[in-house]
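K.L.:
My questions will all concern the structure given below.
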Amino acid sequence: MSRYVFTSESVTEGHPDKICDQVSDAVLDALLAQDPSSRVACETVVNTGLCMITGEVTSKAQVDFIHLVRNVIKEIGYSGARAGGFDANSCAVLVALDQQSPDIAQGVDEADDHEGDPLDRVGAGDQGIMFGYACNETPELMPLPISLAHRLAKRLAEVRHNGSLEYLLPDGKTQVSVVYENDKPVAIDTILISTQHTAEVAGISDEQGIRERITEDLWTHVVEPATADLALKPSREATKYLVNPTGKFVVGGPQGDAGLTGRKIIVDTYGGYARHGGGAFSGKDPTKVDRSAAYAARYVAKCLVASGLAERAEVQLSYAIGVAKPVSILVESFGTGKVSNAELTELVQEHFDLRPGAIIETFGLRNLPQQRGGRFYQDTAAYGHFGRNDLKAPWEDVAAKSEELVKAEAKRIKQGATV
């Protein structure tokens, strides 16, 4: 019997790097909402008293970027008396956005391999490799460690926003370690929560007293509600439970650490449980395959698991800049597939159109902000891009395609039996 512990982490929306992801995606939303054909590559950096957005934009949209940035920061919670050196109302906001390089644009606008099909005319915005993953550990077909870490981080933000724990401040991190036996989760080994807080907590000012109070409050208000519906639950007796291990966490956010777009790519995806191609998502329009093809790879992997063709599936896609068709497609089922990896790969090639133009069209990626009231991608930028029922993301809706795969496999088996 194999037994091991696997750990994943998440961060709250107030983490410096996540502030940057949300700002970059808010810029993307604002541009796409007005002009769905906008080309966007927006990077954000934050530090004490400063937020700068930079990158390349080609768009007909007219956006007040300074106002937009301040609103995102304020919504996260950095404003007023408890802003801590990073106040939405007074921080410096610098805008340094240029136009997209014409050398890149020509490859995206006119793919090298087009043959009359309009979808062949949209080339990949860059070369690269992307991975998608799904497994049957949770109802949303995500690995349990990252799923739990996101639940805790999101709940931590909720109790701050709703005032249940008034001493909480925006910055925070969670980490969950899960025990596996024969590749199945059997217990929650460790829960770690680090949360920024005020210097005084519920009238308590000594460090030990503050830590003890926060520890008890977070178990009651965060851990228990976040895990209440799970079959596998943590317990105070069996689960190691750590809160603010350094003792206190008063200085946080951009006052404590600089932040940058794209530095939480493992948090954004599968918590390290599956491979990652290295490309970040936030601030990139759908022609950037770092984002759109990663969404497609997740969709394919989830379809394979939802259809029962595999218990675990990892899908690798690769692209060349300016070329529409993927350079390669590979499926790995880790020995859990009902058919071989080669047969799964062949099934994917037959039933999924993974050209960038087709991915954009299938998921409606350019029009999502417009359809969702001017905001969509900003909400993907915290608490993960995958397994999110609250987002109603099109790459998570696999019911119809999974049924198509079931029928295709049944037909293949029937044809094989009659040969």
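Glycine too: its Cβ is placed from the backbone N, Cα and C atoms.
Remember, it's a predicted structure, so these values are computed and weren't measured experimentally.
Annotations for this protein, taken from Swiss-Prot, read as follows:
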type	residues	note
BINDING	H15, D171, G172, K173, K248, F249, D257, R263, K264, A280, K284	ATP binding site
BINDING	D17	Mg(2+) binding site
BINDING	E43	K(+) binding site
BINDING	E56, Q100, D257, K288	L-methionine binding site
REGION	100-110	region 'Flexible loop'
K.L.:
Can you check how the pLDDT averages out over the region 'Flexible loop' (100-110)?
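P.N.:
That stretch averages a pLDDT of 58.
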K.L.:
Around the C-beta of E56 (L-methionine binding site), how many further C-beta atoms are within 10 angstroms, looking at every protein chain?
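P.N.:
Other Cβ atoms found within 10 Å: 16.
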K.L.:
Considering each pair of residues in H15, D171, G172, K173, K248, F249, D257, R263, K264, A280, K284, all listed as binding ATP, report the largest CA to CA distance in Å, no decimals.
P.N.:
36
K.L.:
Whole-number Å only: compute the distance from the Cα of K248 (ATP binding site) to the Cα of D17 (Mg(2+) binding site).
P.N.:
21
K.L.:
Going by Cα-Cα distance, which of the binding-site residues (E43, E56, K288) sits nearest to H15 (ATP binding site)?
P.N.:
E43
K.L.:
Whole-number Å distance between the CA of K288 (L-methionine binding site) and the CA of D17 (Mg(2+) binding site)?
P.N.:
21
K.L.:
Round to the nearest Å and give the CA-to-CA distance linking E56 (L-methionine binding site) with D257 (ATP binding site).
P.N.:
25
K.L.:
Going by DSSP, is the residue listed as 'Mg(2+) binding site' part of a helix, a strand, or coil?
P.N.:
helix
K.L.:
Please report the distance from the Cα of E43 (K(+) binding site) to the Cα of the residue listed as 'Mg(2+) binding site', rounded to the nearest angstrom.
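P.N.:
Pair distance, Cα basis, whole Å: 11 Å.
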K.L.:
By a simple count of other Cβ atoms within 10 Å, which of H15, K248, K264, K284, K288, the binding-site residues in the record, is least packed?
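P.N.:
Ranked by other Cβ atoms within 10 Å, the binding-site residues H15, K248, K264, K284, K288 bottom out at K248.
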K.L.:
Using a 10 Å radius around its CB, how many other CB atoms surround the residue listed as 'K(+) binding site'?
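P.N.:
Excluding its own Cβ, the number within 10 Å is 22.
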K.L.:
Can you tell me which of the binding-site residues G172, D257, K284 is spatially closest to the residue listed as 'Mg(2+) binding site'? Compare CA atoms only.
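P.N.:
Going through G172, D257, K284 one by one, the closest to the residue listed as 'Mg(2+) binding site' is D257.
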K.L.:
I need the most crowded of these binding-site residues: D17, G172, D257. Count other C-beta atoms within 10 angstroms of each C-beta and give me the top one.
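P.N.:
Its Cβ has the most other Cβ atoms within 10 Å: G172.
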